[in-house]
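What Swiss-Prot lists as disulfide bond is Cys24-Cys122, Cys52-Cys162, and the listing cites similarity to another entry. The N-linked glycosylation site annotation in Swiss-Prot covers Asn101, and the record cites sequence analysis as its basis. The signal peptide annotation in Swiss-Prot covers 1-23.
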Amino acid sequence: MAFSVSSLMALVVISSSPVSSMSCDLPASLDLRKQETLRVLHQMETISPPSCLKHRTDFRFPQEQLDGRQFPEAQATSVLQEMLQQIVSLFHTERSSAAWNTTLLDRLLAGLHQQLEDLNTCLDEQTGEEESALGTVGPTLAVKRYFRRIRLYLTEKKYSDCAWEIVRVDIMRSFSSSANLQGRLGMKDGDLGSP
């Protein structure tokens with residue numbers, strides 16, 4: 001009987017600990033969804049990338065600003081959320097629907113929406129959102145500028161198949177290189193200075 005009471009007490013203590021003290025548990029689910037997103041983006045290839053080499057351009061993805069070492073967890077979440085929203089916005093257009101296989105495009109958008117839902121849940125759990133918003137103005141603005149350059153490029157190239165292919169490859173590269181930022185979501189506040 002004493003064992004049951006002590007077990008019950010342990011459960012009460014564990015279940016009554018504040019949720020806000022727990023880190024947002026996204027890394028495993030985000031990594032799986034990120035891999036699926038990259039797989040779908042790869043499957044969306046319609047033109048051999050080498051045939052579009054003359055159309056290449058540097059959209060200047062702000063890797064230095066997004067390396068993750070500069071941000072606490074809430075800020076990394078906020079910047080990653082902006083990046084996902086921009087990708088959804090880019091691919092959720094009539095012109096995008098005309099350029100891509102709609103089944104793959106729907107899978108891509110569904111996966112991105114799921115990641116956004118996960119990040120929104122995480123942001124809701126985190127404290128200091130006002131502080132994080134102030135700290136991410138520069139990186140968030142850099143992400144917005146990156147996507148603005150992509151949109152201008154597509155407009156200049158009249159949404160050609162090669163232009164979309166160049167954008168698809170660059171989105172894959174930038175999404176893949178955001179791993180450091182996503183890795184920040186798995187670190188506790190005490191780990192912020194860790195490499």
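Every residue gets a Cβ built from N, Cα and C, even glycine.
All features noted in Swiss-Prot, drawn onto the structure.
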{"residue": "Cys52", "record": "disulfide bond", "DSSP (3 states)": "helix"}
{"residue": "Asn101", "record": "N-linked glycosylation site", "DSSP (3 states)": "coil"}
{"residue": "Cys122", "record": "disulfide bond", "DSSP (3 states)": "helix"}
{"residue": "Cys162", "record": "disulfide bond", "DSSP (3 states)": "helix"}
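Looking at Cys162 (disulfide bond) and Asn101 (N-linked glycosylation site), their Cα atoms lie 15 Å from each other. Cβ neighbours of Cys52 (disulfide bond) (same chain, under 8 Å, six or more residues apart in sequence): Cys162, Glu165, Ile166. Listed disulfide-bonded residues: Cys122, Cys162; maximum Cβ neighbour count within 10 Å falls on Cys122. Distance noted between the C-alpha atoms of Cys122 (disulfide bond) and the residue listed as 'N-linked glycosylation site' is 32 Å.
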